[in-house]
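Trainee: Once you've had a glance at the structure underneath, I'll fire off some questions.
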Amino acid sequence: MQWLSVCSLLVLLSVLSRSQAQNQICTIFTEAKEDGFKSLILVGLAQNLPDSTLGDLVPLIAEALAMGVKCCSDTPPEDCERDVADLFQSAVCSSETLVEKNDLKMCCEKTAAERTHCFVDHKAKIPRDLSLKAELPAADQCEDFKKDHKAFVGRFIFKFSKSNPMLPPHVVLAIAKGYGEVLTTCCGEAEAQTCFDTKKATFQHAIAKRVAELKSLCIVHKKYGDRVVKAKKLVQYSQKMPQASFQEMAGMVDKIVATVAPCCSGDMVTCMKERKTLVDEVCADESVLSRAAGLSACCKEDAVHRGSCVEAMKPDPKPDGLSEHYDVHADIAAVCQTFTKTPDVAMGKLVYEISVRHPESSQQVILRFAKEAEQALLQCCDMEDHAECVKTALAGSDIDKKITDETDYYKKMCAAEAAVSDDNFEKSMMVYYTRIMPQASFDQLHMVSETVHDVLHACCKDEPGHFVLPCAEEKLTDAIDATCDDYDPSSINPHIAHCCNQSYSMRRHCILAIQPDTEFTPPELDASSFHMGPELCTKDSKDLLLSGKKLLYGVVRHKTTITEDHLKTISTKYHTMKDKCCAAEDQAACFTEEAPKLVSESAELVKV
């Protein structure tokens, strides 16, 4: 491959600031160091050329590495200074093999911005898969890992990048780093397989969580625009860095929001440039760093991992002298004056003041209060007696009470989750969501009930006490965002469609207020609706849970107002049948006889 081609591939993931207009390759080569440099190239190649093999890419990476060295020489080639997106596309399009193998002919017939959009759209259509498919036994993985650590991690990056073309490269590399840490720990254990199975499940959960957060942010940006994203990020980072001033935080949030559109579109060149600019500027502000311990620690990370570190920061201690509560009424004259001239600034200041005082709150609780406060200010600030008007308008709205009430709600959910087995709690969620949206498919409701269980299980376990609220509501809101985006809400029912079109912070409350759908016309409840046979005698808990949930789904759809007592009766009969037939000599014959009886008895119960 010619130098132009090598250079193009190399700078696909150039993470340089706009001010570094010259010799971009040398700067990233210096900052990321050789291994980080090669990893970034690998992610970019794998994400954009999914039908190429690792063998196809290895020579390109080696040549690109050599080009990086030349770009840092005393006489760097002119190609080091060219536009990165144009270079990458030109290089790929000059290779008939790459174009044909990765179906890029249509894109390569375009030029300039049209070609860039085509490349981004092409990547967006590549199927995604979050699973870790390297299902070799731990012993084999450990042998490969110990034999050549870098090669093993490289193969992981290649496979994961191909399956997740829209994930920002820094996220892919953070995931690869985590997977390497799992192997480093487990390969030194006597029971490597047990260690690996346990840690892999935890690691997979962490991946799903991070991807859900990124997906939700993109969905929110697409549906609600910059204003809501800015409000979310202002809450998030004000909670993390309460020592920073409102002006400092507002400036930082503006830069964060500027990265969302390119990162969500799949334009990773611009995404990484914007992120690099953001992190560089934030980490260069010694005034903020001296007061924000978490940020200061993250800024000591290498260029590849700083951004992920900042996103994962825990809240710093609150500044000395900060009042426990924020009273919007105490300075209402100044608030109204600012609101009249620049309403977004006034609302940003209010959100900031609440957020720095309440790291135990979710973003949604603060935004719900802010929405009420905004309505009060709109109504009152032009009035002569605006102070009294605002007091009256917000008389029933208290942020501290909202936080307490929501925290108590999740604590009760945690208690309910702890009081029963994991399977029974998941089944109860299946019942709840089938009642309010019986039109949804089993697969949809299975996913929803599983997600709610996973969120509460993780948050109740990992975030005890008052921090359960931001953990649980953030994750459940992410799940709602994904559900409303992945499926046509109007195809489920008008109530769900209405809630999906509510304001961002009100979606979950809206769904919780939905009553069982009594207008749904269910299919006939008969034996053909269920398949219950010897497969129920398996010891696989997942298969058993799935079977139990399918029965509940069918029964509750038939009567969304069925009582809990009737459900318990049906569940008892189901387990009695299962125990009887699994103990029978001819299991199939037993199920053939008993399953229709169970369905018939269940049908009679739902008529009551």
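Glycine residues also receive a Cβ, built from the backbone N, Cα and C atoms like all the rest.
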Trainee: Looking at Swiss-Prot, which one of C93, C118 makes a disulfide with C108?
Mentor: C93
Trainee: Consult Swiss-Prot and report which candidate among C118, C142, C263 shares a disulfide bond with C187.
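Mentor: Cross-referencing Swiss-Prot, the cysteine bonded to C187 turns out to be C142.
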Trainee: Considering the candidates C80, C118, which is the cysteine that Swiss-Prot reports in a disulfide bond with C107?
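Mentor: Record-based pairing for C107: C118.
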Trainee: From the candidates C71, C72, select the one that Swiss-Prot records as forming a disulfide bond with C80.
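Mentor: Out of the candidates C71, C72, the one Swiss-Prot links to C80 is C71.
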Trainee: Using Cα coordinates, what distance in whole Å links C381 (disulfide bond) and C510 (disulfide bond)?
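Mentor: C381 (disulfide bond) and C510 (disulfide bond) have their Cα atoms 29 Å apart.
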Trainee: Among the disulfide-bonded residues C195, C581, which residue has the fewest other Cβ atoms within 10 Å of its own Cβ?
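Mentor: Among the disulfide-bonded residues C195, C581, the lowest count of other Cβ atoms within 10 Å belongs to C195.
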Trainee: Would you kindly give the Cα-Cα distance separating C195 (disulfide bond) and C459 (disulfide bond), rounded to the nearest Å?
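Mentor: Between the Cα atoms of C459 (disulfide bond) and C195 (disulfide bond), the distance comes to 23 Å.
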Trainee: So if I measure Cβ to Cβ from C186 (disulfide bond) and keep only same-chain residues at least 6 apart in sequence, which ones fall under 8 Å?
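Mentor: In sequence order, A138, C142, A192, C195, F196, K199 meet the Cβ cut-off.
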Trainee: What is the nearest of the recorded positions C380, C460, N501 to C309 (disulfide bond), using the Cα of each?
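Mentor: In terms of Cα distance, C309 (disulfide bond) lies closest to C460.
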Trainee: Out of C93, C283, C336, point to the one nearest C590 (disulfide bond) in space (Cα versus Cα); all of them are disulfide-bonded residues in the record.
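Mentor: Its closest listed neighbour, by Cα, is C93.
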